Amino acid sequence: MPETEVKATISKSTGLPRKRFYRARAHSNPLSDSHFPVPISPSQFDYSLHYPQIFPSSDQVDGSRKVQFADIGCGFGGLLISLSTLFPETLMIGMELRDKVTEYVKERILSLRVTNPGQYQNVSVVRTNSMKYIPNYFEKTQLTKMFFLFPDPHFKEKNHRRRVISPFLLDEYAYVLKPGGVIYTITDVEELGDWMKSCLENHPMFEALTEKELEADPVVKLLSSATEEGQKVARNGGQTFQAVCRRIVPSDQTS
Amino acid sequence: MEVEEAEAEVESNRDNVEVAPALISVHPDQTSVAVAVGPDLRVFDLLSGCAASLVDECGAPFHKDSIRAIRYGSGGKLFVSAGDDKTVKIWSTESWRCVCTVSSEKRVSAVAISEDGCHVCFADKFGVVWVVDVAGSDRKATPLLSHYCSIIPSLAFSPDGRFIVSADRDFKIRVTNFPKNPLSGAHEIQSFCLAHTEFVSCLAFVHARECPEGLLVSGSGDSTVRLWDISSGALLDTCEVAAKAGLLESNGEAEEHSHAVTDLCTTLNGSLIAVAIQSLQGIVLLSCDVSAQTLSFSKVVSIAGEAFVPTSLGFSPGEGKLWMVTGVSSLPACNYPPLARVRVISGIDVEQEPVVVRDDDIPGGERLLETLQGSASVDESAFLAAAEAVKTAMCNLLIKKQYPADNRESRKKTRNDRKLKN
């Protein structure tokens, strides 16, 4: 019996999980206490569980190969799937707070791995609160790209501290990003777009990419086209606001 | 229904036990000793042998709610007290005049004074660390850094003044570069020290000639004391203090979190570290080998004759004396005034055998006890109840509430957004 139940959630034609079985609330409170397991430190993050083909057992984990891209609040995983084939050699992870959505992405990756042998081995997803536990997953300067696509806008001023881009959280993102690493943000809410842009541009450890650099970066195009949220905005003819910044070493940072 | 009732009971118990432990701090030149219990701040001047009279233009009482943190600056000129009344008071240790009162938006959980004595930092209950420029014209608090909504029980500056270290209840210790101009924020994180499996309750530095930033020691709800290299965040050594002190064997079926480390303090040369553990009537001494970067269990110093579980420790380096206090702001369900008991251990030295000083031989004698305890003799029967209340309060504050699955479901039903629908 349970077997057929599991199968019912997978589409017969595509072999992919069907979204309607993974409906979740649109928002989740990042301030509430978490009751899911979190690695004590990055060294305890089990790569063999997430990338079984690349790391067949937990003893053989190659210390030099680590996750480099993190999609924070990855939602249904559209961007990760696109990035996976664009950067097949790079390990990447999605972080999502809503457990049902995380389950969906997990199933989606597993089915893609089955239907496309050899592909999608470099992507995975984890259910976590990235606003609290970023340092538990990544070491200093480990990441080269971080994505914050269509985050929860939290309009009320008293809820601004729940926003995933904030001056204090940027300190932590700067810590896990390698100098030269890039942070990508996009939203369809103008107010939030302005907020993210000003937080990033006022931070001493970030600097905006130039127009030229933005055009040359293949990832920038994916921001609005690859994600489910982005496609929805495009369908409705909505506007998007993006801010893309590089992690820099501030000049007064001598010590 | 039953579930809800039980839950309501648990909740009401929690409300009852919000009490603050008694705190102690010793002037680096041992000219004075301060004890805070509940809203009372008591300072004894060891040079003149009498109570220091505190002067505050804002009037008495100085604090209107429990004091949660007191500290002398390493230079000894300043003293800071702060707590649940959302005020931070900076005192001059010469005149014992309140130099300035800074208000905080939230309750204050920890304080620290920069090595040069120019900045006072404090942490609030939302995990934000604020900085005040003591010499500046505008003594308002400016946000310095933030742990995302996690209570910060301890803050400390590295001995070379380059780093500010903050510990939180999410098991993390964050080491941040303390910038030249801290009023524009401390953005550069040097490292995270990650290995504790429960809240981190206390921090202290071991001074080392070969490394100016010192070695960090931390105590935690996981009953361990750990030694860290702060520039890399590397764990150097771990000492399972509760197990080493024999607490686990004697109490096999001990409830969880019953042996949390509550406070620790290092001697000036750092070779010995005194540790206070919940349920231990006495202290544990650890020895730290700076060059080998190891921590090892040295001995337990028991306090015979009375049930004394220290809630806070302070060290006077010149005399090799460890000051201890136990006590609580109030006892739930009984009408006790704030309770404090001060004891001293002398001969804290690798060579000597530590001795628990009798009340008659305590520096400052009976007058000191009268000042710091409120009276020379204290009702001993309340001590254990006080220690128990402090323990429960600490666990409630720092350990995430775990609800059984069905209990969680019933809580969800009462969620505000669901209420609107029904």
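Just so you know, glycine gets a Cβ as well, placed from its N, Cα and C.
Keep in mind that this is a model prediction, so the values were computed, not measured.
Feature annotations, reproduced from TrEMBL:
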- A:GLY73, A:GLU96, A:LEU97, A:ASN129, A:SER130, A:LEU149, A:THR227, A:GLU228, A:GLU229: S-adenosyl-L-methionine binding site (BINDING)
- A:ASP152: active site (ACT_SITE)
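Cα separation, A:SER130 (S-adenosyl-L-methionine binding site) to A:ASP152 (active site), rounded: 13 Å. Put simply, A:ASP152 (active site) is 11 Å from A:GLU229 (S-adenosyl-L-methionine binding site) when counted between their Cα atoms. Here the binding-site residues are A:GLY73, A:SER130, and the one ringed by the most other CB atoms within 10 angstroms is A:SER130. In this structure, the C-alpha atom of A:THR227 (S-adenosyl-L-methionine binding site) lies 15 angstrom from that of the residue listed as 'active site'.
When Cβ atoms from all protein chains are considered, those within 10 Å of A:ASP152 (active site) total 19, not counting its own.
Sequence-distant neighbours of A:LEU97 (S-adenosyl-L-methionine binding site): residues of the same chain at least 6 apart with a C-beta under 8 Å from its C-beta are A:SER28, A:PRO30, A:GLY73, A:ARG127, A:THR128, A:ASN129, A:SER130. For the binding-site residues shown (A:THR227, A:GLU229), fewest C-beta neighbours within 10 angstroms: A:GLU229. If you compare every pair of Cα atoms in A:GLY73, A:GLU96, A:LEU97, A:ASN129, A:SER130, A:LEU149, A:THR227, A:GLU228, A:GLU229, the residues listed for S-adenosyl-L-methionine, the longest distance is 21 angstrom. A:LEU97 (S-adenosyl-L-methionine binding site) falls within neither a helix nor a strand when secondary structure is assigned with DSSP, and so counts as coil.
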